[in-house]
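Participant: Just passing along the structure, written as structure tokens.
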Amino acid sequence: MFMNCFKSETKDHHSLMCLRDPPPFHLLLFFFQSTMAYIVQTAFLEAIFHSILPATVKLLLDELRLTEELKKELESLTTDVSILQAYLRDADQKQQTYEVVRLWLSKLQDIAYDANDLLDECEFEGQREKVIRLAWLRSSLSVINPKRSMFIHDISGRVTSLKVKMEDIKKQRLDFGLQPEQERLHITSNQSSSLEPPIILGRDDDKRRIIDLLLRPNVAGESNTSVLCIVGIGGLGKTALAQHVYNDDHVKQSFTLKTWVHVSQDFKEEKLTKDILESIDGSSQTSASLNNLQIDLLNKLSGMKYLIVLDEVWIEDWRQWYKFKIPLLQGAVGSKILVTARNIEVAKAIGASTIYPLKPIGEQGCWSLFCYYMAQQNPCIDVNDLGDFSGVIAQKCDGLPSAAADLAFRLCQEPDRSRWSSILKIENLQNSTSSRADLSYQLLPSRLKQCFAFCSLFPDGFEFDKEELINLWMAQNFIQCTDDQRMEDAGSEYFDFLERRSLFKYSRFDRKSNRPKYIIHSSIHYFARSVSKGECINAKPGQKIGKPRHLSFTCHEAGTDLTRDFLSDQLRGVYTLVVFGISLAVLPDDFIRKLENLRALDLSNTILQKLPNSINYLKHLRCLQLRGTKIRRLPDAIGELYLLQTLGLGNCYMLEKLPKGIKYLQKLRHIDLHWDDDSMLMMAQEDISWSLMGRHSLKYMPPEIGLLIEMQTLTRFVVGEKSGCGVEELENLNQLHGELLISNLHLVKRSAEATKAKLKAKKHLQCLELHWDAIGKETLNFSNNSKKR
């Protein structure tokens, strides 16, 4: 019913890309709520689709020596899967109504994950062949290579099976009338609407002050055009207030030209300039050149006293604004740009001459708004009968107009008023913190939605490390980066973006690890669990878990056996396993074999002493974290984890030896051998003969570690006397970042060996610590490269 009404209102204007009038708040609210299912259900699936894009697959298959027929079958399969990506939005919305569509979407998800696993194994096989060639054991072209023959036979059978399933999925897509995204009508942020702006209550003073600021005469020396920025957290009603200011009669009479553009996070100079031009006269702009667009805009604004509203601006780089604003400076005296933004950094970046901080409206204002929206959605409701709920509702809204509207919408869906009390008790999402999280989350790109939802794996109140979280994201292929960008840098941008949106919170600086720690606010953590929708589960003993892709397990009770009491055959599809508080000394072989698709395994801070040789069964594994365990040696089978990116061995103070096969792990980017101060003290207490001067149970590095030229982190290098274990192995490891401690330097006998290490070429290091023997030590800190908070 709603969509029919909307189509009739907008059918003549749906081609417009900019707003001439601001969008009605309650329509946008309804849109956000109706599309929330899509946002939740498909964020993780889109990461899988990204992994199996045809172009990516072609590059992978070109490296494998497969038959042309098998290559074509694989390419055809991945093309089919990626085509179906266009139907995700429609399917995810319709599944709320139609059970058959929900089942269809579930089947598509299973096929996508199966295809992803299959292609992952192709990548694994490609790496294995490289190792074979590197080791000169035998030609990878050999027809008598039994593993290769088994691989091709297995892949061929699975491709055939997936193709059959895919044909069924494609047929059902037509049977259900699903439409691809580009063919469906969307409510975009820039569409026109002729409806009146929403009501605002408790904002009369704010409206009057902002109008006064817009209409005040320029002072001497002030530019013709000035910028006023309304700043406030999401949900305060910045857009609604700006709408009322924009439509005020005095404002209309004071400006020759008025236009409104909703910006959101898509701040691109060319697009925004084009949007403003189209909003002024409704004409479609074909020029793609920023220079030509700015000349056109300058001609339209020159000599005009204008008001331009830029709603929901997300920009923190002043250079973007400086480049964009050039044609806006030619307006007549008194021209104004009114900006709404969520944080003050935006106001600083755009050089706002006036910043107007918007505050909550108070409980009475929230209650009045709630009653208004209740009456609008259900005229039969007598708001005078709602007095019993006034206190709890006003308190839950916490001064946010959007929370009042949202809560009214939710309660209107429940005709039985006797259930309202129980609904209000469980509607924890409507407190102030989580309401802001909801609004911030909805504006995130899909790739960041899955990164945020993934964090629901952490227990409530858990402190986490930025770099370790990024490594987990990398293991799941969540991070998309440009050709000239490190995955870690892109991941850092993801993390910082989420922190700036208050989804992550700085907790403290941990001086032992020399790193900052972060937490997720309790109510935001609740919200993260709700949006992860069964994809991510932080489970406890006895809890039913379904079939999650990402799983963590928390138990601080003695006697809990994770491998016996918890894991079952239904978890073969798990991609992530993290344990907290588990007493786990040994991993049985059958435990490993149940997790054949695992990408990330974190057993940190357990009493683990040994890994089985069957660890090589985890051929998809990219991240293995064993921090703070009692492990002494890693099995040689580690050298067969050809896709491994991260090996975390921090605070493993009993570690004696690393496997020699590490040199074959060409994908390995991080080996963490950092020791916190308390771990060193613990070792000293257990063994009084152990020195606190940097000595380590690890006697030397595995041979030829210098072959791993893509290594980004190697926190410790222990010089050895054997061939291939000397300091010269550092020669080509010039991508190292962070800290590096080199010990046993007294074993370096010739200056040529030290020179060959090329320490001066390690330009990304922030700290270099050099240890000779028990009494010789030097630390170099490169503060100019440090990224301190």
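Every residue gets a Cβ built from N, Cα and C, even glycine.
Residues annotated as domain 'Disease resistance N-terminal' in TrEMBL: 52-135. Residues or ranges marked as domain 'NB-ARC' by TrEMBL: 204-377. Look at TrEMBL and you will find 457-527 tagged as domain 'Disease resistance protein winged helix'. According to TrEMBL, the feature domain 'Disease resistance R13L4/SHOC-2-like LRR' maps to 591-683. Residues or ranges marked as domain 'R13L1/DRL21-like LRR repeat region' in TrEMBL: 728-775.
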Participant: Quick check on the domain 'Disease resistance R13L4/SHOC-2-like LRR' (591-683): DSSP residue counts for helix, strand, coil, in that order please.
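Facilitator: Going through the domain 'Disease resistance R13L4/SHOC-2-like LRR' (591-683) residue by residue, I get 25 helix, 15 strand, 53 coil.
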Participant: Using DSSP, how many residues of the domain 'Disease resistance protein winged helix' (457-527) fall into helix, strand and coil, respectively?
Facilitator: 31 helix, 13 strand, 27 coil
Participant: Give the mean pLDDT for the domain 'Disease resistance protein winged helix' (457-527) on the 0 to 100 scale.
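Facilitator: So the average pLDDT across the domain 'Disease resistance protein winged helix' (457-527) works out to 86.
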Participant: Across the domain 'R13L1/DRL21-like LRR repeat region' (728-775), what are the DSSP residue counts per state (helix, strand, coil)?
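Facilitator: Within the domain 'R13L1/DRL21-like LRR repeat region' (728-775) the tally stands at 15 helix, 13 strand, 20 coil.
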